[in-house]
Amino acid sequence: MATLNEKKTCSERMENFRRFVWNPETKLFMGRTLINWVWISLYYLAFYVVMSGIFALSIYSLMRTVNPYEPDYQDQLKSPGVTLRPDVYGHRGLQIYYNASDNKTWEGLVTMLQTFLTEYSPAAQHLNINCTSNTYFIQNTFDGPNNTKLSCKFTSDMLQNCSGIIDPTFGFPEGKPCFIVKMNRIIKFYPGNGTAPRVDCTYVGDESRPLEVEYYPVNGTFNLHYFPYYGKKAQPTYSNPLVAVKFLNITKNVEVKIVCKIIGAGITFDNIHDPYEGKVEFKLKIED
Amino acid sequence: FLSFGIQDDHRLSTSQLEEKYGTSIDKGLSSTRAAEILARDGPNALTPPKATPEIVKFLKQMVGGFSILLWIGAVFSWISFGIQLAQGAESAFDNLYLGVVLAVVVILTGIFAYYQEAKSTNIMASFSKMIPQQALVIRDAEKKEMPADQLVVGDIVEIKGGDRIPADIRLIAAQGCKVDNSSLTGESEPQSRSCDFTHENPLETRNIAFYSTTCVEGTATGIVINTGDRTIIGRIASLASGVGNEKTPIAIEIEHFVYLVAGVAISIGVLFFIISVSMRYKILDSIIFLIGIIVANVPEGLLATVTVSLSLTAKRMAKKNCLVKNLEAVETLGSTSIICSDKTGTLTQNRMTVAHLWFDNQIYSADTSEDQTTQPFDQSSPSWTALSKIVTLCNRAEFRPGQENLPIMKRVVVGDASETALLKFAEVVLGDVMNIRARNKKVAEIPFNSTNKFQLSIHETDDPNDKRFLLVMKGAPERILERCSTIMINGKEEPLDSEKAEAFQTAYMELGGLGERVLGFCHLYLPENDFPDTYTFDTDSMNFPTSNLCFVGLLSMIDPPRSTVPDAVSKCRSAGIKVIMVTGDHPITAKAIAKSVGIISATSETVEDIAKRLNIPVEQVNRQEATAAVVNGMELKDMSLQELDEILCNHSEIVFARTSPQQKLIIVEGCQRQGAVVAVTGDGVNDSPALKKADIGIAMGIAGSDAAKNAADMVLLDDNFASIVTGVEEGRLIFDNLKKTIAYTLTKNIAELCPFLIYIIASIPMPIGTITILFIDLGTDIIPSVALAYEKAESDIMNRRPRNKKKDRLVNEQLAIYSYLQIGIMQSVGAFVTYFTVYAEQGFLPSTLLGVRVDWENNAINDFEDSYGQQWTKYQRTYLQWTGYTAFFVSITIQQVLYLTGSWWDKNMYY
């Protein structure tokens with residue numbers, strides 16, 4: 001096998017490159033004449049315009065074909081996620097640490113709750129109706145204004161001791177803090193199969209150890225008249241029902257691990273991959 | 001040219017030799033002494049060329065090509081894993097796995113490539129290990145057969161006709177011994193060997209026979225004076241192995257391709273690294289993007305695909321008798337623009353055959369094809385009867401017994417080449433020659449010798465009523481004619497007047513002009529009165545007439561071209577390949593063969609032909625007019641390189657005759673100076689430098705010496721030129737198919753790359769994951785791209801010019817632009833539409849997705865709202881993202897399959 005390429009010096013390479021960029025003899029710019037470049041640019045311009053057009057058309061027809069009220073598939077949202085307020089995340093999930101005697105450590109948490117509850121003020125909820133029945137609020141017609149469906153009112157005062165109205169500090173300085181548990185919205189999801197789902201908080205791993213909890217509203221239930229959810233377009237003013245939990249006997253200066261599950265038919269909390277499906281787990285440490 | 005300081009053994013007398021080597025001519029060495037010397041000198045075998053250690057080959061595969069890029073990716077992954085682990089992030093292990101996967105990919109493809117290479121080398125290794133040679137040695141005063149590699153200096157060996165000389169040997173006794181030194185010196189005539197010291201130069205002297213040459217006839221006894229690598233052949237072999245192997249054209253092309261893709265990968269990677277850093281992404285995230293971009297850009301499976309394609313072709317070629325030693329040489333043959341072909345054995349059948357007859361003042365042609373069974377010329381003339389009798393009787397060649405069932409042309413004959421040709425010719429035309437000879441008993445014989453240049457024998461006739469003896473004679477035509485006074489025309493003896501002598505001369509010149517070896521035949525019925533059947537013929541005193549004979553006819557012989565060659569040469573022609581004949585043979589013969597196979601086409605003329613036609617001196621001929629040239633080795637010696645270049649440039653049809661091995665090398669270099677990719681065929685040891693020098697060396701499998709096979713890149717198992725054409729076709733096909741493979745492979749790169757770019761710029765959820773990309777590259781795409789290696793050739797494949805290695809690249813601008821900017825973009829658009837559809841159907845409309853990345857990937861947001869107001873936890877989103885990966889993956893895969901099977905294959909896109 002014989003050698004095929006002769007070694008070129010660096011200056012020769014540079015010279016070759018310069019010739020490539022502009023060759024004065026053949027009047028080639030980067031290997032093409034200028035007019036050739038114009039044509040090729042026009043070609044690609046046209047090509048990409050057409051491609052963009054096709055893309056736009058595809059997206060447009062997609063938008064025209066999707067149902068505006070509910071998604072076509074819900075196979076990935078079988079069971080609702082659960083979130084906690086206040087939510088402070090460490091490296092391994094929710095970690096709520098504060099010092100009861102140092103108000104700087106818990107003021108942030110309290111503000112978080114207050115901000116969260118502003119959406120549940122009577123003023124914010126004035127468009128929603130008062131519901132009293134304890135069954136699913138099924139609406140097959142659009143009875144609300146502007147061709148929408150009605151939503152039930154949930155105001156912060158329903159959380160009683162944890163509403164921030166009676167105790168604006170939510171019990172943090174006393175070491176009996178309030179937490180708010182919220183269940184994620186899923187369109188046309190009927191939780192509990194006729195019985196209202198409820199929140200149940202325990203210590204992780206040691207469920208026999210008594211954890212004294214007060215639930216608001218009573219029993220920690222989500223009333224069935226908040227379900228099903230009909231989607232943003234049908235229920236623009238819908239707000240999730242909440243359950244507040246107040247821990248009464250947290251040992252001080254010890255990190256405790258607590259899990260709040262939602263008990264109810266159709267809500268699973270045993271997905272090992274998803275720590276927030278049907279339950280919320282958090283660490284709590286209150287110092288003096 | 002071999003001025004090695006060889007010892008002066010050829011000058012020593014027998015007793016001096018015995019003393020020097022401590023041996024005895026009658027008894028040989030003792031076994032114990034031989035064992036000692038064997039332990040000292042090592043076995044009598046050539047050391048194979050130094051092989052690269054296996055581990056080095058293996059490691060080369062691990063870092064070659066794209067592997068280095070992937071290693072960088074893997075290392076980056078591990079670094080970011082380390083950093084994330086130190087920071088205590090949850091998803092750190094993803095990067096560890098990615099790094100491991102990348103490393104595994106590199107190692108697996110490396111192992112695969114190594115395995116493929118090892119497999120093809122093994123074919124060769126098994127090939128070179130042919131049947132071990134045996135030698136007849138005298139040891140402990142006994143004759144023994146033993147493997148030739150056990151021979152030691154001082155051994156006494158006996159050789160007979162047909163043997164290969166087992167070592168360098170100083171002859172001490174010889175009977176009619178001739179050796180074929182062609183593999184060593186290129187001389188085609190057998191050289192006679194005796195025990196006389198005839199020349200100072202050990203290479204020229206007659207009393208030394210060299211290792212690996214063949215003893216053609218006779219017997220000899222000699223002392224081994226050199227073994228193994230110390231033999232002359234061994235020294236040439238080690239010389240040839242000093243010539244380094246350069247890169248093959250396809251290796252250069254692939255390197256070019258790797259540079260191109262690596263360049264694109266690195267520039268896009270670095271560009272987006274900078275962009276992402278300036279968009280305030282974290283450095284760590286930017287590094288991960290960089291890895292993704294590299295992985296998307298590198299066609300991980302391609303090198304394995306190329307290897308598979310090449311080895312598939314190599315296998316196919318092996319079936320067609322082209323054994324490829326080096327996988328990449330498969331393609332080299334396809335880009336060949338000049339073939340320097342040997343004549344004997346490659347273009348011709350390598351056996352003398354009767355081609356023409358002249359009797360009754362007329363030239364008849366004989367069939368010279370490989371499997372002649374009948375001869376169609378007119379056999380009714382009584383002159384032919386007479387001529388055939390002489391041909392049959394005045395011939396010492398015989399068939400080896402026990403071959404009655406073989407076709408005549410395949411039978412083994414004892415005797416020299418011309419006699420063999422005559423014997424086979426007679427056997428075909430007349431039938432059982434041995435029987436005819438038995439019926440015409442031979443009573444006296446003078447064998448051919450170089451002084452009287454004729455052969456004569458006297459026979460009884462098979463006609464019981466005819467008691468006369470028949471004297472038959474054959475030899476050089478002019479010598480035979482001198483001895484004749486009459487000539488046979490249509491069975492009648494007529495006086496040989498000047499007119500008839502003129503006719504003879506014309507015929508003789510014509511046949512000689514065809515490059516054929518002409519023999520004259522004459523006979524004489526001895527008068528019964530002077531030579532009664534009791535007469536004793538004495539060949540020494542020649543007590544019988546040897547003049548005033550009756551001239552019967554001429555027969556001319558040639559080593560005829562193989563019947564497949566003219567077709568193959570014309571195929572080469574139309575494929576734009578120049579075929580140059582380089583031979584050690586006589587210019588006239590060379591030219592005749594060149595004409596008959598079409599290397600010199602029927603209409604073209606050499607300078608000499610034009611001069612002859614116009615009747616002007618050669619100097620006055622316009623050299624531009626001559627398309628053909630026959631260059632003699634002697635002329636070549638006095639030529640400057642410019643003159644040679646001029647010849648190679650100006651003439652399209654060239655024959656080099658009477659060339660020496662060095663000149664062969666000069667010719668190859670000359671062709672390469674023209675920018676040609678040169679293929680060289682050769683069989684002898686002396687060809688090995690030229691075979692190495694050539695871009696592709698082709699050795700002959702049957703006639704070729706080991707040294708030639710070692711130096712070559714390809715071995716023609718059937719020694720047939722036509723196989724080269726097959727090889728050219730396969731080589732071109734694989735180049736075309738590799739182009740298609742690469743176009744196919746590059747296409748999806750854009751569709752793999754775009755997700756990263758859009759992800760960084762538009763902050764959408766990740767459309768496709770790095771490992772998914774690896775799945776496409778190494779999983780779903782491997783088999784379709786290998787399938788492209790099976791693509792049939794375009795019909796014009798052998799009508800194109802060979803590719804210009806400087807301009808026609810494997811991956812050219814058009815191919816890259818077509819793949820990247822057209823089909824690639826189309827695939828990306830298709831894949832993105834799928835992606836957006838999947839997300840929309842699940843609740844995330846395209847408008848929601850833009851700019852969502854930071855929240856989407858935030859572990860602390862577990863109530864992420866979609867376009868319909870539903871809320872998603874992090875895991876639910878991630879799961880949806882994986883569904884998106886799958887959609888993107890399936891979309892690319894389907895589009896690739898469509899691309900593959902689609903009818904929009906426009907071959908012209910690639911050329």
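Every residue number used here counts from 1 along the chain in the order it is shown.
Glycine is treated like the rest: Cβ placed from N, Cα and C.
Note: the domain 'Cation-transporting P-type ATPase N-terminal' (B:8-82) comprises 45 helix, 1 strand, 29 coil (DSSP; helix = H, G, I, strand = E, B). Sequence annotations record features per position, and here TrEMBL assigns domain 'Cation-transporting P-type ATPase N-terminal' to B:8-82.
Note on the transmembrane segment (B:63-84): residues 91-93, 95-96, 98-100, 102-103, 105-106, 109-110, 254, 258, 261-262, 265-266, 284, 287-288, 290-291, 294-295, 298-300, 302-303 of its chain, located 6 or more positions outside it, place their CB under 8 angstroms from a CB of the stretch. Sequence annotations record features per position, and here TrEMBL assigns transmembrane segment to B:63-84 (among others).
Long-range contacts of the transmembrane segment (B:96-115) within the same chain: residues 57-58, 61-62, 67, 70-71, 73-78, 81, 291, 295, 300-301, 303-304, 307, 770-771, 774, 778, each at least 6 residues beyond the stretch ends and with a Cβ under 8 Å from a Cβ of the stretch. Annotation source TrEMBL lists transmembrane segment at B:96-115 (among others).
Same-chain residues lying 6 or more positions outside the transmembrane segment (B:257-281) and placing a CB less than 8 Å from one of its CB atoms are 65-66, 69, 287, 289-290, 293-294, 297-299, 742, 746, 749, 753, 756-757, 760-761, 810-811, 816. Feature annotation from TrEMBL assigns transmembrane segment to B:257-281 (among others).
According to TrEMBL, the feature transmembrane segment maps to B:287-310 (among others). For the transmembrane segment (B:287-310), same-chain residues at least 6 beyond its ends with a Cβ under 8 Å from one of its own Cβ atoms are 65-66, 69-70, 72-73, 76-77, 79-80, 95, 98, 102, 105, 109, 112-113, 116-117, 250, 254, 261-262, 264-266, 268-270, 272-273, 276, 281, 327-328, 330-331, 734, 737-738, 741-742, 745-746, 749, 752-753, 755-757, 759-760, 770, 773-774, 777-778, 781-782, 785-786, 788-789.
Beyond the ends of the transmembrane segment (B:815-838), by six or more residues, the same chain brings 260, 739, 742-743, 746-751, 754-755, 758, 767-768, 846, 849, 883-884, 887-888, 890-892, 895-896, 899, 909-910 to within a C-beta distance below 8 angstroms of the stretch. Here TrEMBL flags B:815-838 (among others) as transmembrane segment.
Residues 744, 747-748, 751-752, 755, 765-769, 772, 775-776, 780-781, 784, 787-788, 823, 826-827, 830-831, 834-835, 837-839, 842 of the same chain lie 6+ residues outside the transmembrane segment (B:882-901) yet bring a C-beta within less than 8 angstroms of a C-beta in it. Among the features that TrEMBL reports, transmembrane segment is placed at B:882-901 (among others).
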Mean of the pLDDT scores, which run from 0 to 100, over the domain 'Cation-transporting P-type ATPase N-terminal' (B:8-82): 81
